[in-house]
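According to TrEMBL:
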- A:5-225: domain 'CobQ/CobB/MinD/ParA nucleotide binding' (DOMAIN)
- A:Lys11, A:Gly12, A:Gly13, A:Val14, A:Gly15, A:Lys16, A:Thr17, A:Thr18: ATP binding site (BINDING)
Amino acid sequence: MTKVLVVTSGKGGVGKTTSTAALGAALAQTGQNVVVVDFDVGLRNLDLVLGAERRVVYDLINVVQGEAKLAQALIRDKRIETLSLLPASQTRDKDALTEEGVDRVISELREKFDWIICDSPAGIERGPTLAMRHADVAVVVTNPEVSSVRDSDRIIGVLDSKTLKAEKGEHVEKHLLLTRYDVTRAERGEMLKVEDVLEILSIPLIGIIPESDEVLRASNLGTPVTISNPTSAPARAYADAARRLRGETVEITIPSDKKGLFNKLFGRRAA
Amino acid sequence: MTQTATPPAAQPGQAKRPTIRFRGRSFLALLLSPEAPLDIWFEELTSLIDRSPGFFGARAVILDVSGLDIDRQGLIDLLAQLGERRIQVMGIEGAKETWLGPGFPPLVRGGKQVNEVDVPVPAAKADDGSATQPAPAQNASGQGNSEQGTGTQDASAQQSQPAPISIPAETTRPSLIIEQPVRSGQSVTFPQGDVTIIGSVASGSEVIAGGSIHIYGALRGRALAGCAGHASARIFCNKLEAELVAIDGLYKTAEALDDNYRGQAVQIWLEGDAIKIAPIN
(Lines of atoms letter the chains of each structure in order from A and count residues from 1; the text may use other names and numbers.)
(Lines give C-alpha, C1' and ligand atoms only; values in the text may rest on other atoms or scores of the structure.)
Protein backbone atom coordinates (compact mmCIF):
# COMPACT_ATOMS: atom_id res chain seq x y z
CA MET A 1 0.00 0.00 0.00
CA THR A 2 1.30 3.41 -0.97
CA LYS A 3 2.10 5.80 1.82
CA VAL A 4 1.95 9.54 1.30
CA LEU A 5 4.45 11.31 3.51
CA VAL A 6 4.70 15.06 3.93
CA VAL A 7 7.90 16.65 5.15
CA THR A 8 6.88 19.88 6.80
CA SER A 9 7.93 22.34 9.53
CA GLY A 10 6.17 25.69 9.44
CA LYS A 11 9.49 27.48 9.70
CA GLY A 12 11.81 27.86 6.74
CA GLY A 13 15.45 26.84 6.58
CA VAL A 14 15.25 23.99 9.09
CA GLY A 15 16.07 21.26 6.58
CA LYS A 16 12.84 20.13 4.93
CA THR A 17 14.27 19.80 1.43
CA THR A 18 17.52 18.22 2.61
CA SER A 19 15.56 15.75 4.72
CA THR A 20 13.12 14.98 1.89
CA ALA A 21 16.03 14.13 -0.40
CA ALA A 22 17.89 12.13 2.25
CA LEU A 23 14.84 10.18 3.45
CA GLY A 24 13.67 9.59 -0.11
CA ALA A 25 17.07 8.28 -1.12
CA ALA A 26 17.37 6.16 2.04
CA LEU A 27 13.96 4.57 1.45
CA ALA A 28 14.80 3.97 -2.22
CA GLN A 29 18.10 2.39 -1.20
CA THR A 30 16.11 -0.25 0.69
CA GLY A 31 14.41 -1.20 -2.60
CA GLN A 32 11.20 0.79 -2.15
CA ASN A 33 9.75 2.65 -5.11
CA VAL A 34 9.91 6.30 -4.08
CA VAL A 35 8.89 9.58 -5.65
CA VAL A 36 9.78 12.90 -4.09
CA VAL A 37 7.43 15.75 -5.03
CA ASP A 38 8.51 19.37 -4.73
CA PHE A 39 5.54 21.48 -3.60
CA ASP A 40 7.60 24.62 -3.17
CA VAL A 41 6.30 26.19 -6.37
CA GLY A 42 8.27 29.30 -7.28
CA LEU A 43 11.14 28.45 -4.93
CA ARG A 44 12.03 25.00 -6.09
CA ASN A 45 15.17 23.45 -4.65
CA LEU A 46 14.63 19.74 -4.47
CA ASP A 47 15.93 19.32 -8.03
CA LEU A 48 19.19 21.00 -7.01
CA VAL A 49 19.64 18.90 -3.89
CA LEU A 50 19.05 15.77 -5.99
CA GLY A 51 21.32 16.99 -8.78
CA ALA A 52 18.53 16.84 -11.36
CA GLU A 53 18.21 20.54 -12.15
CA ARG A 54 19.55 20.14 -15.68
CA ARG A 55 17.06 17.44 -16.56
CA VAL A 56 13.81 19.28 -15.73
CA VAL A 57 11.48 19.59 -18.71
CA TYR A 58 7.95 19.48 -17.30
CA ASP A 59 6.94 20.07 -13.71
CA LEU A 60 4.17 19.58 -11.16
CA ILE A 61 2.24 22.62 -12.39
CA ASN A 62 2.28 21.36 -15.97
CA VAL A 63 0.81 18.07 -14.78
CA VAL A 64 -1.71 19.72 -12.45
CA GLN A 65 -2.93 21.94 -15.26
CA GLY A 66 -3.01 19.10 -17.79
CA GLU A 67 -0.26 20.49 -20.00
CA ALA A 68 1.93 17.41 -19.61
CA LYS A 69 1.49 13.78 -18.67
CA LEU A 70 2.82 12.60 -15.35
CA ALA A 71 5.31 10.25 -17.04
CA GLN A 72 6.78 13.20 -18.95
CA ALA A 73 7.41 15.19 -15.79
CA LEU A 74 8.88 12.43 -13.62
CA ILE A 75 12.68 12.36 -13.49
CA ARG A 76 14.33 9.09 -12.55
CA ASP A 77 17.46 9.35 -10.43
CA LYS A 78 20.64 8.19 -12.15
CA ARG A 79 22.20 6.66 -9.03
CA ILE A 80 19.20 4.89 -7.50
CA GLU A 81 16.75 3.66 -10.06
CA THR A 82 13.86 3.31 -7.62
CA LEU A 83 13.98 7.03 -6.83
CA SER A 84 12.06 9.57 -8.92
CA LEU A 85 11.52 13.31 -8.70
CA LEU A 86 8.50 15.38 -9.61
CA PRO A 87 9.94 18.89 -9.70
CA ALA A 88 8.14 22.14 -8.91
CA SER A 89 7.87 25.04 -11.29
CA GLN A 90 10.18 27.98 -10.72
CA THR A 91 8.33 30.44 -12.93
CA ARG A 92 4.86 30.04 -11.47
CA ASP A 93 3.49 30.62 -7.99
CA LYS A 94 1.47 28.57 -5.56
CA ASP A 95 -1.85 29.85 -6.90
CA ALA A 96 -1.24 27.69 -9.95
CA LEU A 97 -1.79 24.62 -7.75
CA THR A 98 -5.40 23.54 -7.55
CA GLU A 99 -6.93 21.12 -5.10
CA GLU A 100 -8.43 18.97 -7.86
CA GLY A 101 -5.16 18.96 -9.79
CA VAL A 102 -3.19 17.84 -6.73
CA ASP A 103 -5.82 15.18 -5.97
CA ARG A 104 -5.42 13.80 -9.48
CA VAL A 105 -1.61 13.81 -9.45
CA ILE A 106 -1.44 12.08 -6.07
CA SER A 107 -3.88 9.38 -7.08
CA GLU A 108 -1.90 8.74 -10.27
CA LEU A 109 1.35 8.56 -8.27
CA ARG A 110 -0.29 6.12 -5.84
CA GLU A 111 -0.54 3.58 -8.66
CA LYS A 112 3.19 3.67 -9.37
CA PHE A 113 5.04 4.14 -6.09
CA ASP A 114 5.34 2.72 -2.58
CA TRP A 115 6.19 6.11 -1.10
CA ILE A 116 5.12 9.57 -2.19
CA ILE A 117 7.21 12.10 -0.28
CA CYS A 118 5.90 15.66 -0.49
CA ASP A 119 8.40 18.43 0.23
CA SER A 120 6.28 21.21 1.77
CA PRO A 121 7.07 24.90 1.43
CA ALA A 122 7.44 26.90 4.65
CA GLY A 123 4.46 28.66 6.16
CA ILE A 124 0.93 27.59 7.01
CA GLU A 125 -1.03 28.86 4.02
CA ARG A 126 -2.16 27.38 0.75
CA GLY A 127 1.13 25.83 -0.39
CA PRO A 128 1.83 23.89 2.80
CA THR A 129 -1.81 22.85 3.26
CA LEU A 130 -1.93 21.49 -0.30
CA ALA A 131 1.32 19.61 0.29
CA MET A 132 -0.06 17.97 3.44
CA ARG A 133 -3.59 17.39 2.11
CA HIS A 134 -3.16 13.73 1.18
CA ALA A 135 -0.66 12.80 3.83
CA ASP A 136 -0.91 9.51 5.74
CA VAL A 137 2.32 10.25 7.57
CA ALA A 138 3.97 13.55 8.45
CA VAL A 139 7.59 14.14 9.31
CA VAL A 140 7.86 17.41 11.23
CA VAL A 141 11.37 18.78 10.80
CA THR A 142 12.48 20.82 13.79
CA ASN A 143 15.70 22.51 14.87
CA PRO A 144 16.49 22.56 18.58
CA GLU A 145 15.60 26.20 19.06
CA VAL A 146 12.45 27.89 20.38
CA SER A 147 11.13 29.55 17.23
CA SER A 148 11.41 26.35 15.22
CA VAL A 149 9.70 24.39 17.98
CA ARG A 150 6.82 26.83 18.22
CA ASP A 151 6.31 26.82 14.43
CA SER A 152 6.36 23.02 14.46
CA ASP A 153 3.72 23.06 17.15
CA ARG A 154 1.62 25.30 14.93
CA ILE A 155 2.03 23.04 11.91
CA ILE A 156 1.03 19.99 13.98
CA GLY A 157 -2.21 21.81 14.75
CA VAL A 158 -2.69 22.44 11.03
CA LEU A 159 -1.97 18.75 10.29
CA ASP A 160 -4.75 17.89 12.74
CA SER A 161 -7.26 20.14 11.04
CA LYS A 162 -6.53 20.66 7.35
CA THR A 163 -5.61 17.25 5.98
CA LEU A 164 -8.06 14.90 4.28
CA LYS A 165 -7.51 12.44 7.12
CA ALA A 166 -8.41 15.09 9.70
CA GLU A 167 -11.53 15.98 7.72
CA LYS A 168 -12.55 12.32 7.84
CA GLY A 169 -11.98 12.28 11.60
CA GLU A 170 -8.82 10.19 11.31
CA HIS A 171 -5.33 11.10 12.42
CA VAL A 172 -2.25 11.76 10.38
CA GLU A 173 0.63 9.80 11.87
CA LYS A 174 3.12 12.46 13.01
CA HIS A 175 6.84 12.04 13.63
CA LEU A 176 9.46 14.45 14.85
CA LEU A 177 12.75 14.69 12.98
CA LEU A 178 15.18 16.78 14.96
CA THR A 179 17.83 18.22 12.65
CA ARG A 180 21.04 20.19 13.17
CA TYR A 181 21.41 18.74 16.65
CA ASP A 182 24.67 19.42 18.42
CA VAL A 183 25.16 17.31 21.55
CA THR A 184 27.86 19.53 23.05
CA ARG A 185 25.92 22.73 22.59
CA ALA A 186 22.75 21.13 23.98
CA GLU A 187 24.74 19.98 27.03
CA ARG A 188 26.00 23.50 27.50
CA GLY A 189 22.42 24.79 27.36
CA GLU A 190 23.01 26.72 24.15
CA MET A 191 20.25 24.87 22.37
CA LEU A 192 17.20 22.91 23.44
CA LYS A 193 17.73 19.31 24.45
CA VAL A 194 15.91 16.40 22.81
CA GLU A 195 13.76 15.94 25.93
CA ASP A 196 12.74 19.61 25.93
CA VAL A 197 11.58 19.49 22.33
CA LEU A 198 9.76 16.19 22.84
CA GLU A 199 8.04 17.51 25.94
CA ILE A 200 6.74 20.56 24.13
CA LEU A 201 5.67 18.87 20.91
CA SER A 202 4.56 15.53 22.38
CA ILE A 203 4.85 13.53 19.16
CA PRO A 204 7.11 10.47 18.70
CA LEU A 205 10.69 10.91 17.56
CA ILE A 206 11.71 9.38 14.21
CA GLY A 207 15.34 10.47 14.28
CA ILE A 208 17.99 12.93 15.39
CA ILE A 209 20.25 14.27 12.66
CA PRO A 210 23.50 15.63 14.07
CA GLU A 211 24.78 18.99 12.89
CA SER A 212 27.39 18.17 10.23
CA ASP A 213 29.31 19.80 7.41
CA GLU A 214 28.63 16.64 5.48
CA VAL A 215 24.99 17.70 4.95
CA LEU A 216 25.90 21.03 3.42
CA ARG A 217 28.56 19.43 1.26
CA ALA A 218 26.08 16.85 -0.02
CA SER A 219 23.50 19.53 -0.88
CA ASN A 220 26.05 21.52 -2.81
CA LEU A 221 27.14 18.41 -4.70
CA GLY A 222 23.53 17.67 -5.58
CA THR A 223 23.69 14.28 -3.92
CA PRO A 224 21.61 13.28 -0.90
CA VAL A 225 23.91 12.62 2.05
CA THR A 226 22.75 8.99 2.26
CA ILE A 227 24.30 8.46 -1.22
CA SER A 228 27.31 10.76 -1.07
CA ASN A 229 28.71 9.46 2.21
CA PRO A 230 26.59 6.59 3.57
CA THR A 231 28.86 6.00 6.55
CA SER A 232 28.78 9.59 7.78
CA ALA A 233 26.85 10.37 10.97
CA PRO A 234 23.96 12.25 9.31
CA ALA A 235 23.63 9.56 6.61
CA ARG A 236 23.34 6.85 9.25
CA ALA A 237 20.81 8.94 11.16
CA TYR A 238 18.67 9.38 8.02
CA ALA A 239 18.98 5.69 7.14
CA ASP A 240 17.81 4.74 10.64
CA ALA A 241 14.90 7.19 10.36
CA ALA A 242 13.91 5.60 7.04
CA ARG A 243 13.91 2.14 8.64
CA ARG A 244 11.71 3.44 11.44
CA LEU A 245 9.32 4.88 8.85
CA ARG A 246 9.06 1.39 7.37
CA GLY A 247 7.98 0.12 10.77
CA GLU A 248 11.24 -1.36 12.01
CA THR A 249 12.16 -0.88 15.63
CA VAL A 250 15.52 0.81 15.71
CA GLU A 251 16.84 2.26 18.91
CA ILE A 252 17.18 6.05 18.74
CA THR A 253 20.79 7.17 18.96
CA ILE A 254 22.61 10.31 18.02
CA PRO A 255 25.24 9.10 15.55
CA SER A 256 28.55 10.89 15.66
CA ASP A 257 31.57 10.91 13.38
CA LYS A 258 34.28 9.02 15.23
CA LYS A 259 37.30 11.17 15.59
CA GLY A 260 40.77 10.19 16.64
CA LEU A 261 42.28 11.61 19.77
CA PHE A 262 44.21 14.11 17.73
CA ASN A 263 41.05 15.37 16.08
CA LYS A 264 39.24 15.52 19.39
CA LEU A 265 41.95 17.65 20.88
CA PHE A 266 42.76 19.89 17.97
CA GLY A 267 39.99 19.39 15.45
CA ARG A 268 37.49 21.71 17.12
CA ARG A 269 36.66 24.63 14.94
CA ALA A 270 36.54 28.09 16.35
CA ALA A 271 32.85 28.79 16.74
CA MET B 1 11.15 49.10 32.26
CA THR B 2 8.99 51.55 30.44
CA GLN B 3 5.68 49.99 31.14
CA THR B 4 4.21 52.74 33.26
CA ALA B 5 1.81 53.86 30.54
CA THR B 6 -0.22 50.69 30.80
CA PRO B 7 0.71 48.98 34.03
CA PRO B 8 -0.60 45.47 34.42
CA ALA B 9 -3.17 45.49 37.15
CA ALA B 10 -2.15 44.97 40.72
CA GLN B 11 1.53 45.01 40.12
CA PRO B 12 3.23 45.57 43.39
CA GLY B 13 5.88 48.20 43.72
CA GLN B 14 4.36 50.62 41.29
CA ALA B 15 2.53 53.82 42.12
CA LYS B 16 -1.15 53.15 42.79
CA ARG B 17 -3.15 54.04 39.77
CA PRO B 18 -6.78 53.23 39.22
CA THR B 19 -7.32 50.12 37.20
CA ILE B 20 -9.77 50.46 34.38
CA ARG B 21 -11.39 47.19 33.52
CA PHE B 22 -13.33 46.38 30.43
CA ARG B 23 -15.40 43.30 30.57
CA GLY B 24 -18.21 41.70 28.73
CA ARG B 25 -21.29 40.95 30.73
CA SER B 26 -24.63 39.81 29.48
CA PHE B 27 -27.89 40.96 30.95
CA LEU B 28 -31.40 40.02 30.22
CA ALA B 29 -33.36 42.63 28.31
CA LEU B 30 -36.98 42.68 27.32
CA LEU B 31 -37.42 42.71 23.57
CA LEU B 32 -40.34 44.79 22.34
CA SER B 33 -41.30 44.05 18.74
CA PRO B 34 -44.06 46.31 17.48
CA GLU B 35 -46.17 44.89 14.70
CA ALA B 36 -48.12 46.62 12.00
CA PRO B 37 -50.68 48.08 12.11
CA LEU B 38 -49.13 50.19 14.81
CA ASP B 39 -52.27 51.85 16.09
CA ILE B 40 -53.78 48.50 17.02
CA TRP B 41 -50.46 47.38 18.50
CA PHE B 42 -50.35 50.50 20.68
CA GLU B 43 -53.93 49.90 21.72
CA GLU B 44 -52.92 46.49 22.98
CA LEU B 45 -49.83 47.88 24.64
CA THR B 46 -51.89 50.52 26.42
CA SER B 47 -54.27 47.91 27.73
CA LEU B 48 -51.33 45.80 28.92
CA ILE B 49 -49.90 48.79 30.78
CA ASP B 50 -53.32 49.57 32.23
CA ARG B 51 -53.55 46.06 33.60
CA SER B 52 -50.04 46.03 34.94
CA PRO B 53 -48.69 49.54 35.35
CA GLY B 54 -45.32 48.48 36.69
CA PHE B 55 -44.52 45.96 33.99
CA PHE B 56 -42.02 48.09 32.11
CA GLY B 57 -41.05 50.10 35.15
CA ALA B 58 -37.52 48.99 35.98
CA ARG B 59 -36.83 46.94 32.91
CA ALA B 60 -34.19 47.22 30.28
CA VAL B 61 -36.10 47.34 27.02
CA ILE B 62 -34.73 46.74 23.54
CA LEU B 63 -36.88 47.90 20.65
CA ASP B 64 -36.86 45.55 17.68
CA VAL B 65 -38.02 47.34 14.54
CA SER B 66 -36.82 44.73 12.06
CA GLY B 67 -40.39 43.58 11.43
CA LEU B 68 -41.62 47.08 10.64
CA ASP B 69 -41.58 49.02 7.44
CA ILE B 70 -40.68 52.42 8.86
CA ASP B 71 -38.28 55.26 8.17
CA ARG B 72 -36.31 57.49 10.49
CA GLN B 73 -39.31 59.71 11.24
CA GLY B 74 -41.38 56.62 11.94
CA LEU B 75 -38.79 55.51 14.46
CA ILE B 76 -38.79 58.93 16.13
CA ASP B 77 -42.58 58.80 16.42
CA LEU B 78 -42.42 55.27 17.75
CA LEU B 79 -39.91 56.22 20.42
CA ALA B 80 -42.02 59.24 21.36
CA GLN B 81 -45.13 57.13 21.70
CA LEU B 82 -43.29 54.62 23.85
CA GLY B 83 -41.91 57.48 25.92
CA GLU B 84 -45.44 58.72 26.54
CA ARG B 85 -46.16 55.32 28.01
CA ARG B 86 -43.05 55.60 30.20
CA ILE B 87 -41.22 52.86 28.34
CA GLN B 88 -37.54 53.71 28.17
CA VAL B 89 -35.75 52.12 25.27
CA MET B 90 -32.09 51.37 25.97
CA GLY B 91 -31.21 49.93 22.59
CA ILE B 92 -32.60 49.48 19.12
CA GLU B 93 -32.34 46.40 16.97
CA GLY B 94 -32.97 46.24 13.25
CA ALA B 95 -32.75 49.98 12.50
CA LYS B 96 -30.46 51.57 9.95
CA GLU B 97 -27.28 52.85 11.48
CA THR B 98 -27.63 56.18 9.71
CA TRP B 99 -30.95 56.88 11.41
CA LEU B 100 -29.45 56.91 14.81
CA GLY B 101 -27.39 59.70 16.26
CA PRO B 102 -27.00 61.66 19.45
CA GLY B 103 -30.08 61.36 21.59
CA PHE B 104 -31.01 57.97 20.20
CA PRO B 105 -30.51 54.72 22.00
CA PRO B 106 -27.57 52.78 20.54
CA LEU B 107 -27.98 50.12 17.90
CA VAL B 108 -27.60 46.58 19.21
CA ARG B 109 -27.23 43.34 17.33
CA GLY B 110 -26.42 39.71 17.88
CA GLY B 111 -28.91 39.19 20.69
CA LYS B 112 -29.77 35.70 21.70
CA GLN B 113 -33.24 34.40 22.52
CA VAL B 114 -33.19 33.36 26.17
CA ASN B 115 -36.64 32.51 27.33
CA GLU B 116 -40.14 33.78 27.49
CA VAL B 117 -41.29 36.48 29.80
CA ASP B 118 -44.54 35.97 31.61
CA VAL B 119 -46.86 38.63 30.47
CA PRO B 120 -49.95 39.34 32.52
CA VAL B 121 -52.61 37.46 30.63
CA PRO B 122 -55.71 39.49 29.91
CA ALA B 123 -58.88 37.72 30.88
CA ALA B 124 -60.94 38.52 27.85
CA LYS B 125 -58.48 38.81 25.07
CA ALA B 126 -56.24 35.87 25.57
CA ASP B 127 -56.46 34.68 21.99
CA ASP B 128 -55.36 37.83 20.24
CA GLY B 129 -53.02 38.95 22.92
CA SER B 130 -50.00 37.77 21.05
CA ALA B 131 -49.35 41.21 19.68
CA THR B 132 -48.70 42.51 23.15
CA GLN B 133 -46.02 40.04 23.90
CA PRO B 134 -42.54 41.36 24.01
CA ALA B 135 -40.71 38.42 22.55
CA PRO B 136 -41.82 37.53 19.05
CA ALA B 137 -41.00 33.84 19.14
CA GLN B 138 -43.05 32.91 22.13
CA ASN B 139 -46.53 32.87 20.71
CA ALA B 140 -46.96 29.16 20.69
CA SER B 141 -46.67 28.40 24.35
CA GLY B 142 -47.79 31.44 26.27
CA GLN B 143 -51.38 31.43 25.12
CA GLY B 144 -52.78 28.08 26.04
CA ASN B 145 -53.78 29.33 29.43
CA SER B 146 -56.79 27.47 30.68
CA GLU B 147 -57.00 29.32 33.98
CA GLN B 148 -57.42 32.79 32.70
CA GLY B 149 -59.48 33.99 35.60
CA THR B 150 -57.03 33.15 38.30
CA GLY B 151 -54.18 34.20 36.08
CA THR B 152 -55.56 37.66 35.85
CA GLN B 153 -56.08 38.00 39.54
CA ASP B 154 -52.58 36.85 40.28
CA ALA B 155 -51.25 39.19 37.72
CA SER B 156 -53.07 42.23 38.96
CA ALA B 157 -52.08 41.45 42.50
CA GLN B 158 -48.45 41.55 41.54
CA GLN B 159 -48.57 44.52 39.31
CA SER B 160 -47.40 47.12 41.77
CA GLN B 161 -43.91 45.73 41.22
CA PRO B 162 -42.28 44.50 38.07
CA ALA B 163 -42.91 40.81 37.71
CA PRO B 164 -39.69 38.86 38.15
CA ILE B 165 -38.26 37.61 34.91
CA SER B 166 -37.60 33.95 35.33
CA ILE B 167 -34.50 32.49 33.77
CA PRO B 168 -34.48 28.71 33.68
CA ALA B 169 -32.05 27.74 36.39
CA GLU B 170 -29.07 25.88 34.98
CA THR B 171 -28.59 23.14 37.48
CA THR B 172 -25.25 22.06 36.07
CA ARG B 173 -22.70 24.36 34.54
CA PRO B 174 -21.48 23.04 31.21
CA SER B 175 -17.86 22.12 30.86
CA LEU B 176 -15.57 21.41 27.96
CA ILE B 177 -12.95 18.68 28.02
CA ILE B 178 -10.15 18.66 25.46
CA GLU B 179 -8.14 15.47 25.29
CA GLN B 180 -5.22 16.63 23.20
CA PRO B 181 -2.64 19.37 23.53
CA VAL B 182 -3.66 22.86 22.48
CA ARG B 183 -1.17 23.74 19.75
CA SER B 184 0.42 27.07 18.99
CA GLY B 185 -1.99 29.26 17.07
CA GLN B 186 -5.07 27.45 18.33
CA SER B 187 -7.67 29.19 20.43
CA VAL B 188 -10.17 27.48 22.69
CA THR B 189 -13.07 29.72 23.68
CA PHE B 190 -15.82 28.48 25.96
CA PRO B 191 -17.70 31.33 27.65
CA GLN B 192 -20.35 28.97 29.02
CA GLY B 193 -18.23 27.35 31.70
CA ASP B 194 -15.11 25.47 32.70
CA VAL B 195 -12.45 24.14 30.35
CA THR B 196 -10.36 21.09 31.17
CA ILE B 197 -7.37 20.24 29.02
CA ILE B 198 -5.66 16.89 29.24
CA GLY B 199 -2.35 17.92 27.70
CA SER B 200 -0.32 21.07 27.41
CA VAL B 201 -1.27 24.53 26.22
CA ALA B 202 1.48 25.62 23.83
CA SER B 203 3.25 28.92 23.56
CA GLY B 204 1.25 31.05 21.15
CA SER B 205 -2.10 29.44 21.93
CA GLU B 206 -4.91 30.58 24.19
CA VAL B 207 -7.70 29.18 26.31
CA ILE B 208 -10.60 31.44 27.21
CA ALA B 209 -13.24 30.18 29.61
CA GLY B 210 -16.27 31.66 31.30
CA GLY B 211 -15.43 29.57 34.33
CA SER B 212 -12.24 27.98 35.57
CA ILE B 213 -9.45 26.47 33.48
CA HIS B 214 -7.84 23.16 34.42
CA ILE B 215 -4.71 22.11 32.57
CA TYR B 216 -3.26 18.65 33.15
CA GLY B 217 0.01 19.55 31.49
CA ALA B 218 2.16 22.62 31.04
CA LEU B 219 0.59 26.04 30.51
CA ARG B 220 2.90 27.83 28.07
CA GLY B 221 0.36 30.00 26.28
CA ARG B 222 -2.40 32.24 27.56
CA ALA B 223 -5.16 31.28 29.93
CA LEU B 224 -8.06 33.66 30.49
CA ALA B 225 -10.56 32.42 33.07
CA GLY B 226 -13.81 33.99 34.21
CA CYS B 227 -14.10 35.96 30.99
CA ALA B 228 -17.83 36.52 31.45
CA GLY B 229 -17.32 38.25 34.76
CA HIS B 230 -16.66 35.44 37.22
CA ALA B 231 -14.17 36.70 39.76
CA SER B 232 -14.34 33.33 41.51
CA ALA B 233 -12.93 31.48 38.51
CA ARG B 234 -9.47 29.93 38.88
CA ILE B 235 -6.70 28.59 36.74
CA PHE B 236 -4.99 25.31 37.60
CA CYS B 237 -2.01 23.87 35.77
CA ASN B 238 0.61 21.18 36.27
CA LYS B 239 3.43 23.40 35.13
CA LEU B 240 3.33 27.17 34.97
CA GLU B 241 5.21 28.65 32.03
CA ALA B 242 2.41 30.93 30.90
CA GLU B 243 2.75 33.91 28.60
CA LEU B 244 -0.26 35.53 30.23
CA VAL B 245 -2.88 34.63 32.79
CA ALA B 246 -6.09 36.53 33.37
CA ILE B 247 -9.10 36.17 35.62
CA ASP B 248 -12.18 38.30 35.20
CA GLY B 249 -10.35 40.85 33.07
CA LEU B 250 -7.34 41.28 35.34
CA TYR B 251 -4.17 39.95 33.85
CA LYS B 252 -0.50 39.31 34.45
CA THR B 253 2.10 38.76 31.78
CA ALA B 254 4.96 36.30 32.12
CA GLU B 255 7.21 39.17 33.12
CA ALA B 256 4.98 40.11 36.04
CA LEU B 257 4.65 36.54 37.30
CA ASP B 258 6.76 35.55 40.24
CA ASP B 259 9.68 33.46 38.98
CA ASN B 260 9.42 31.22 42.03
CA TYR B 261 6.31 29.61 40.59
CA ARG B 262 7.79 29.04 37.15
CA GLY B 263 7.68 25.37 36.23
CA GLN B 264 5.55 24.48 39.23
CA ALA B 265 2.07 23.08 39.62
CA VAL B 266 0.00 26.04 40.73
CA GLN B 267 -3.43 27.48 41.11
CA ILE B 268 -4.20 31.08 40.27
CA TRP B 269 -7.11 33.03 41.68
CA LEU B 270 -8.32 36.53 42.33
CA GLU B 271 -8.36 38.29 45.67
CA GLY B 272 -9.93 41.67 45.22
CA ASP B 273 -7.91 43.24 42.45
CA ALA B 274 -4.85 41.06 42.95
CA ILE B 275 -3.95 37.91 41.09
CA LYS B 276 -2.72 35.31 43.58
CA ILE B 277 -0.65 32.25 42.84
CA ALA B 278 0.08 29.31 45.09
CA PRO B 279 1.61 25.91 44.47
CA ILE B 280 -0.63 22.88 44.57
CA ASN B 281 0.59 19.47 45.46
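Placement of Cβ uses the backbone N, Cα and C atoms for every residue, glycine included.
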Per-residue Cβ crowding (10 Å cut-off), top of binding-site residues A:Gly12, A:Gly13, A:Gly15: A:Gly15
Shell list (ATP; ref centroid = CB of A:Lys11, A:Gly12, A:Gly13, A:Val14, A:Gly15, A:Lys16, A:Thr17, A:Thr18; cutoff 8 A): A:Ser9, A:Ser19, A:Ala122, A:Val141, A:Thr179
Sequence-distant neighbours of A:Thr17 (ATP binding site) in its chain (C-beta under 8 A, six or more apart): A:Asp38, A:Asp40, A:Asn45, A:Leu46, A:Val49, A:Asp119
Residue among the binding-site residues A:Lys11, A:Lys16 whose Cβ has the most other Cβ atoms within 10 Å: A:Lys16
Spatial neighbours of A:Val14 (ATP binding site) that are distant in sequence (at least 6 apart) but have CB under 8 A: A:Val141, A:Thr142, A:Asn143, A:Ser148, A:Thr179, A:Arg180
A:Thr18 (ATP binding site): tally of other CB atoms within 10 A of its CB: 26
Segment confidence, the domain 'CobQ/CobB/MinD/ParA nucleotide binding' (A:5-225), expressed as mean pLDDT: 94
